[in-house]
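As recorded in Swiss-Prot, the features of this protein are as follows:
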BINDING   G10, G11, E12, G13, V14, G15, K16, T17  ATP binding site
Amino acid sequence: MSGYFITFEGGEGVGKTTQISLLAQYLRNQGYDVLTTREPGGTVGAEAIRHILLSGQAQNYGPLIEVILLTAARIDHITEVIAPSLQKGKIVLCDRFIDSTRVYQGLNNTVGSSVLSVLEYVALNGIMPCLTFLLDIPARCGMERANLRRKKAETIDYFEKDELKIQEQRRQAFLQLAKQEPHRFRVIDATGAMEVIAQQIKNICHQVILDQVP
């Protein structure tokens, strides 16, 4: 595939959506064909599954069904959106991907790592991010940001309700993934100003990909 696949990961309130928007605008100004998308979601079917997951409805059926729903959404997303876009040479920016599943569902040992690995293999079909930005902030800071966003939107999703201890465990799990795959991950301190973070991401893109993508 001639395109380039970039994912953004991190806990709640780290600013992924904002940074994706800023990077997409910058890359388009540089003349690149850019697609922004998200998980779960990205297609009509996957967005319907997203609603089920984030509303907490899937919790009624247990963690295995939750993971199966995520896998179904990812298969549809990759097949209908990500793979075709990469084949067309686009830069794909995705808000969450496989690493979020590894962290959010992986910390729930009731499913089992072997089941997660099999479902991951089936869903990905050989497609993995070329570059992953991990936006990292202390869990307490992330929750404070998420609370502010929630007040503005007057909504709260299932995963944002988790307590501070769990959020910090997820943060550490993301950092561990970054240590295991240093060639793919770039950890960004997301406690600073939005513009400073955006510039760091732009600099990394120049170093890593912009000379490679036609």
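Including glycine, each Cβ sits where the backbone N, Cα and C put it.
Feature annotations (Swiss-Prot) mapped to structure.
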residue : record           : Cβ neighbours (10 Å)
G10     : ATP binding site : 26
G11     : ATP binding site : 33
E12     : ATP binding site : 22
G13     : ATP binding site : 23
V14     : ATP binding site : 26
G15     : ATP binding site : 21
K16     : ATP binding site : 23
T17     : ATP binding site : 14
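In three-state terms derived from DSSP, K16 (ATP binding site) belongs to a helical segment.
According to DSSP, G11 (ATP binding site) sits in a coil region rather than a helix or strand.
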